[in-house]
Each structure stands twice: as structure tokens, then as C-alpha cells.
């Protein structure tokens with residue numbers, strides 16, 4: 001994609017301040033150590049590299065666009081992609097030299113710029129894999145593990161093994177890494193032993209900022225309270241009745257990726273038995289069940305828009321989203337066994353749902369016998385009813401699954417315990433009533449924050465599984 005000269009400053013700054021990193025698997029790196037560059041030739045438009053990836057493997061050749069090679073370089077002669085497109089001197093090589101050991105080659109351009117490309121670069125970009133290097137940089141090496149109650153309980157020992165002091169220790173990131181890996185795999189993690197003097201939200205703020213900055217929302221600029229004894233219309237959590245399973249803030253275009261809830265100490269005289277029950281469900285597991293049971297209904301869940309609304313005080317938010325959103329399709333994630341690589345996020349929140357505007361019209365069954373009916377619905381809107389019926393069928397399958405006790409992880413969150421969960425994957429609910437005196441403290445942070453910290457720690461702990 002061509003970028004304008006407006007990006008020149010940021011592009012140059014990035015190259016001056018960023019150390020290039022290689023994002024490769026151990027197997028791929030080992031292949032590079034055993035392979036070598038054999039030959040190369042170039043013209044004004046392209047450069048062809050012939051190399052082997054193993055000592056005894058058959059050599060392969062890849063022809064690269066010269067604009068790509070110059071743009072991917074870290075030459076001291078800094079230019080924008082747009083400049084490369086319009087100036088052949090910046091892209092056509094003047095000379096190319098293969099190193100004596102065959103592990104790299106140096107490209108020299110006509111403007112005096114030069115860059116040494118390691119063999120690993122050409123292996124990464126060889127194009128024989130469905131996963132591009134850019135995708136590999138984004139993806140974690142840990143794949144989501146879809147779960148029901150039994151599967152999660154089998155892993156609960158690891159999920160509950162992180163204490164607050166271990167998590168918050170700035171000299172040791174191992175427990176932070178363990179927590180983020182659990183979030184990546186299961187969408188949920190717990191931290192025990194949080195300090196009891198937390199009414200101001202300082203503890204949960206420290207927990208969040210260990211991962212990244214707190215996300216401001218309609219609930220406040222930092223942390224927020226969840227307490228049924230103080231009902232208010234600001235947050236649907238506060239209603240004095242059990243909430244259905246849902247994701248938070250679906251009426252925002254950029255929905256917060258993760259939520260943290262901390263259980264605070266009991267009030268004086270509180271009966272521990274009245275503490276609310278918390279429910280968690282893996283919505284990805286539920287949507288996979290729909291896909292396997294009724295593919296036509298599953299497709300409708302990807303298409304039919306569900307409307308969400310939030311009106312309170314001076315705030316007016318409105319969004320329309322399908323229940324299911326996918327990642328871009330590739331050769332890998334379309335396989336039935338790799339569904340966890342296909343599903344991106346879930347939009348499901350009955351507390352904030354507005355009336356449908358798609359598929360709401362039907363065709364009168366006796367229209368032919370009532371020709372005088374002045375039916376004003378357009379034919380295009382009438383045809384939506386077929387897809388909407390499939391949507392309702394899929395929604396029924398989805399809700400039957402998430403409301404099945406065997407698919408729910410239920411617990412009374414202990415005092416001074418914290419739960420972190422993926423707000424785009426894990427549905428949650430609680431049984432707060434007017435008799436419950438427990439306070440929950442909450443906050444949000446973004447998915448980008450989580451992904452950034454997880455990738456950094458994966459680099460720091462490359463051998464952890």
C-alpha cells in the first residue's frame with residue numbers, strides 16, 4: 001500500500017528507534033542455519049533469489065518486487081514507499097553480493113543506499129506458506145482452547161495458581177506471562193490475594209496497568225463499581241435482578257477487549273452465603289456447536305445485524321453488528337478442526353439490545369386473495385425474512401448452548417480475588433440482587449494492549465509452552 005509523504009517523519013523515526021526483529025519458529029530458524037543462498041539476478045523491476053532451506057533440500061527460487069525489497073530494508077538512506085514508486089534509482093539494485101557463507105546478501109542501490117538481508121528474511125517471505133510474516137507477528141504461538149465446564153475445571157488448578165504479589169512483581173514477569181497465556185488460551189484467568197484496602201480501586205488499577213493502560217468508557221475514566229445495593233441507571237449491571245449472559249458495551253464501535261472484576265471484602269455483618277454467583281461461558285465453544293449443527297443458521301449469524309443502543313444523560317450510542325465475526329479467511333482456519341483460528345469475536349448483549357431492523361417484514365399468506373392490499377414493503381426487504389428465519393434458528397441453538405449448565409463455569413468469586421476475561425469471547429452474568437452487599441470493582445483494557453504485552457513476553461520466554 002502506498003503511503004504519502006506525510007508518513008515520512010514517523011517512518012524515519014521508527015527506523016531510527018526500532019531494532020529489527022525476526023519472528024520465526026524454532027524449526028524455521030533451524031532451517032535457515034542449515035540452508036544457504038545459491039545465486040541471484042536482478043533487473044530494474046525485480047530480483048530473483050535462489051536458496052536452499054536445508055543442506056540436502058532442493059533449491060527454490062523466489063522473484064521479489066524491487067519496491068518491496070527497498071521498502072523492507074533498513075538502509076541509512078531513508079525514503080517513503082511513495083518515493084520508491086516514482087523513482088527507479090531508489091529501487092533498482094546497482095549491485096548484489098552474496099556473503100561467503102551464503103547466509104546473507106547485500107543489496108546496493110543506485111542512490112547509495114544498501115542493506116544486508118539475512119537468509120531468514122527470504123525464508124520468511126518465500127510465499128509457500130498460507131501464513132504471511134505479517135500475520136505471524138500478530139498471532140500468538142498459543143491458540144485458543146474452546147471449553148465447557150468440564151474442560152475448564154480440568155485446567156482450573158493452573159488458572160487459580162497466580163497470586164497478586166507474584167503477578168505485580170516488577171522483577172519477575174513469569175506469572176504475568178502465565179496469566180496472559182491463560183487469557184489467550186481460555187479467555188479467562190484469576191488472581192488471588194489482592195489487598196483488602198481496595199475501595200478506591202488502586203489494586204485493580206495496578207493489576208490492569210501491569211498489562212497496559214485502563215480504557216475509559218461510559219462507566220468512567222478509570223475503575224467503576226458494581227453493587228446491587230446502589231441501583232442506578234448508568235450501568236446495566238446495577239439492576240436489581242439477575243443479568244443474562246452477555247458481553248459488555250456492544251454499542252461502542254471499539255468494544256473493550258478485556259474486563260477485570262475484583263471481589264472486595266465483605267461488609268460488616270454480611271452473610272457469605274448471600275454473595276452473588278458469577279457465571280462464565282465460552283461463546284466460541286457455543287458458536288462452533290451452531291456451525292456443526294446447522295451451517296445455514298451459522299452463516300445467518302454472521303450476516304444479520306443486531307442493533308445495540310445506549311442512551312443515558314447526554315450519551316447516545318448506537319451500533320449494528322452480527323453476532324459472529326470472523327478473521328480473514330486463509331487456507332488454515334477454514335478447516336473444521338481449526339475453528340479457533342477462524343472465530344474473531346462475539347457480539348451478544350440482550351441488556352443493550354435494540355429492536356431489529358433487518359428481516360422484520362413478512363409476506364401475507366393470503367396476498368393473492370387480497371389484491372386490494374396496499375403493501376408498501378419493498379420486495380428487497382421482504383426477501384430478508386428468509387435469512388432472518390435462519391438467524392432465529394441459529395440464535396436459538398446458541399442460547400440453548402450457553403444456558404446449558406454443563407457449559408457454564410459458575411463460582412462465588414472469593415473475597416480479595418480478581419477475574420480477568422476476554423469481553424469479546426467470554427459471556428458473563430451474575431446473580432446480584434438487592435440483598436447482596438458485596439462490592440465488585442471493575443475496569444477495562446483493550447485487546448491491542450493485551451496482544452502487545454503477550455507478544456513481548458513470548459519473545460522474553462521463547463521456550464515456555
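Sequential numbering from 1, following the chain as shown.
A Cβ is built for glycine as well, from the same backbone N, Cα and C atoms used for every other residue.
Matching 36, 428, 463 to the Fe cation binding residues that Swiss-Prot gives (246, 248) identifies 428. DSSP classifies residue 248 (Fe cation binding site) as coil under the three-state reduction. Annotation note: residue 428 (Fe cation binding site) sits in a strand segment as assigned by DSSP. Cβ contacts within 10 Å of residue 428 (Fe cation binding site), excluding its own Cβ and spanning all protein chains shown: 20. Note: the Fe cation site is recorded as 246, 248, 428; in the same chain, 243, 245, 247, 259, 349, 423, 427, 429 also have Cβ atoms within 8 Å of that site's Cβ centroid.
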